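Undergrad: Okay, so Swiss-Prot annotates it like this:
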MOD_RES   Tyr89  phosphotyrosine
MOD_RES   Tyr120  phosphotyrosine
MOTIF     89-93  motif 'Involved in plasmodesmata targeting and virus cell-to-cell movement'
TOPO_DOM  74-166  topological domain 'Lumenal'
TRANSMEM  53-73  transmembrane segment
TRANSMEM  167-187  transmembrane segment
Amino acid sequence: MDPPVILHSPNCSCQFCSSELPSTHTCGSQDRTVPLHVEATAAGHMEAKNFSLQYVLLVAFVSVLLGFSFCVYLKSMSNDEASDMTYYYQDLNSVEIKLGKNPLDPEVIKAIHSFQEFPYGNIPSIRREAEFDVQNDESSAVVLSGSNNNRRQVASTPCENNVLLKLWKDDLSFTIIAVTVLVGAMLARC
């Protein structure tokens, strides 16, 4: 059987009531002018800066880099570049060529004719003169002249620029990610 519960008045000063701390009250008689520990901690955090300047700069930098890499990715996915290049494929049974806007490099034309002449490779015992001679004119154009005196002009735009541009676009996303991780690690140390 439980002992009877003694009810104390709010102004009681007995030994049981005087030992209680005012912050442990859970009833409505608590004094609201004294802030609780939780309220004091929350107010202290609200007055301080929530984000450091380094964190904000890092987030802005990463956002700009991700946006830039996303734009480059979308641009590289477009099919506009395929029409700029010339595709040539030849084996012993078929020839496939798709002409683009840019002209063929004279070295590529020489390689094609060499393959047509020697499909299994160049045999050193057979020596022939070159069928095509490459000459540079003053107008910065390349002239290919053949044995039958046909002349074909090829503009001086190097084909390597398209290859370098494609490689640069492929490696750009990896470079952006690597630089972002490096800058993030450097800012995290500070």
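Glycine is no exception: its Cβ is also placed from the backbone N, Cα and C atoms.
The structure displayed is predicted, hence computed values, not measured ones.
I would like each feature placed in context: is it buried or exposed, what are its neighbours, and how far apart are things?
TA: Around Tyr89 (phosphotyrosine), a 10 Å sphere centred on its CB holds 9 further CB atoms from the protein chains shown.
According to DSSP, the secondary structure content of the motif 'Involved in plasmodesmata targeting and virus cell-to-cell movement' (89-93) in residues is 0 helix, 2 strand, 3 coil.
Taken together, the residues in the topological domain 'Lumenal' (74-166) have a mean pLDDT of 61 on the 0 to 100 scale.
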